[in-house]
Structure formats: C-alpha cells, structure tokens
Amino acid sequence: MFSSNSSKMFFFFILINSTLIAISSNSWFGCWIGLEINLLSFIPLITNSNNLLATEASLKYFLTQSIASINFLFSILLKMILLKNFEMIFFLSIMINSSMLMKMGSAPFHFWFPNIVEGLSWLNNFILMTWQKITPMIILSYYFNKNFILIIIIMNVIVGALGGLNQTSLRKLMAFSSINNLGWMFSAIMIAENLWLFYLLTYSFMISIMFFFFYFLNMFYINQLFINNLTPMIKINLLINFLSLGGLPPFIGFFPKWIIINFLIMNNMYMLTFIMIMMSLIVLFFYIRIIYSTFMFNYIKIKWLKIFIKNNNFLFINIFSFFSITGMIISTLFFL
C-alpha cells in the first residue's frame, strides 16, 4: 500500500499531466479525456476520511464536473454530426462554452463553487482556484462566442463583488474573489492568450501568499483575524497582500488589470470597463473593511497571547510581500 503522502504526490503528478494532455490535444475528444483524468486525479487529493466536509465537497465536485463533462461530450458528438449545418454553430459554441464555465465555477454556474471551497484545505483551494482553471480556459479560447462571453464577464464581476460582501468565512470570501477575477481573465483571454497567462500567474502569485498566511495562522473565519493578537508585521503583510489582490496601485495586482483596461478602452468597450472598475471597487471595499477591523480591534482579554509565524516561513512571506509592492514600480519602468 502507498503511504498517504506518496499517494497524494502520485495523484498530483497525474493532475499536472492531465492538464498537459488536454491543452496539447489536437482533437475535442482528446480534450475531454484530459478533463476526465484531471477530475479523477483531483478527487483523491481533496478526499479526507477524517473530515466529513472534505468528503462531501469531493462528492459535490464529482457530480458538478460529471454534468459539465457529459454536456461537453454531447456537444462534441453533436458537432461531429451537424458539422455542415451552419445554423447550429451558435448553439454549439454556447453549449461548449457553458460546459467549460461550469468546470471553472464561473457565474451563472457558480453555485457549487463556494460550497466546495468551504470544505477544502487552503492547499487544495489554491489548486482549485489556479491550476484547475487552466484546462477549461484554454478549451474555451478555442471556440468562444464573443457576445456570450461579454455577458458572462459582466455576470462574473457582479456576482464576485456582491457575493463577497456578506461573507464571514475567509474561504468563501476568496471563492467570490476568484469568481470576480474570472471576469478579468475572460477579458484577458479575449484580447490575447499571453495576457491571460500573465494575469493567471500574477493572480496565482497573490493568492499563494494569502493562502500561505491563512495556512500558517490556521485561519478560516474573519473574526479570527480580530480575536487573534497578531503582530504588527503580520498585519502590515496582510494589508499589502489584500490591497494587491484588490488591484490597488502601486501594488502588482493592479498591473494586469491596468493592461486589460487599456485594451478594452482601445476597443471602445467603455460600458464593460466601467462595470468592471466599479465592481473592483466593491471588492476592494470588503478587503479594506477586513484590514481596517484587523488593525483597529484589540481584544484585551487575550493580550498575553501573541501569534507568531516560524522565522523561515515569515521571511519567505516578507520577500513575496516586498515583490507585491516593488513589482508594479519595476514593471512600469518598461513602459517609460
């Protein structure tokens, strides 16, 4: 029998390979096989016999992904049968797009996403919010319907912004933040695949710092940020990374959004740009609200309790936070 860690590593290796199979395939059927292997390798990673929430999340994830896969396979077969019928192309593109949107947890197929995120660990959430977006996004870019995607972008940024307003769970908050960022990713992939890749890498970098923080501090709810007597350095790091994730200049999180806004304005998409910026302000509002409370609240009862992070881990987080501040300043030099 495999040990728990070695089996997890084995499935993680298959997860990486399945994405590469799907994105390098030259047929729709190959893409579908890649997605199926991806699904079957991710479920053992998130299943935990000691945690009922994780087991429930893995079952929900399997059901939603299976429905999306069936829809995708049906669309492929329909496409092969009705290849010469041009009237069906619009319908088929929407079907393929919808199945990929369901795979990613994008609005309006997002209802499973926050529930599943709530049952997973921070590491599994990081994989779900970054790596698991790659395959559906690239398949979507092969065959997207522009008008349909524009509606989806608006839905994503609105749902992501308004859904996160009344959340007390940090995991659900990050889930709605991910939905909001999906809207920006769709805009990026409509412009160029390289821009989408840059946005995904920047977003992955930002949430990796946040998830490391929450993992080391063992935090799952917003009130833990107030109750636990965090050191000032930890609070400053949280401030930097929350503001970067919200897309506030001069942090690195603003840089890809800035490029996307430039391209949208160049293409006369003023209304879309306005909606996206306004919704980003709402996201920034609930981040600032958390940070403000973390800085201002001070529980006298537990003054003796100080939360520290191991030195080597904290040094790593400090370096990443430094990149969040200086990354934007360095990158703007290229535009001068």
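Cβ from N, Cα, C; glycine included.
Cβ atoms under 8 Å from those of the transmembrane segment (12-35) belong to residues 41-42, 45, 69, 72-73, 76, 79, 103, 127, 131, 134-136, 138-139 of the same chain, restricted to positions at least 6 beyond its ends. Look at TrEMBL and you will find 12-35 (among others) tagged as transmembrane segment.
Feature annotation from TrEMBL assigns domain 'NADH:quinone oxidoreductase/Mrp antiporter transmembrane' to 25-282.
According to TrEMBL, the feature transmembrane segment maps to 148-166 (among others).
Annotation source TrEMBL lists transmembrane segment at 197-217 (among others).
Same-chain neighbours of the transmembrane segment (238-265): 177, 184, 187-188, 191, 195, 198-199, 202-203, 205-207, 209-210, 213, 225, 230, 272-273, 276-277, 280, 283-284, 287-288, 290-291, 294-295, 321, 323-325, 327-329, 331-332, counting only residues six or more beyond its ends whose CB sits under 8 Å from a CB of the stretch. The annotation transmembrane segment is assigned in TrEMBL to 238-265 (among others).
Tertiary neighbourhood of the transmembrane segment (271-292): same-chain residues 150, 153-154, 157-158, 160-162, 164-165, 167, 173, 177, 180, 183-184, 187, 222, 225, 235, 238-239, 242-243, 245-248, 257, 261, 264-265, selected by CB-CB distance under 8 Å and a gap of 6+ residues from either end. Feature annotation from TrEMBL assigns transmembrane segment to 271-292 (among others).
Among the features that TrEMBL reports, transmembrane segment is placed at 313-335 (among others).
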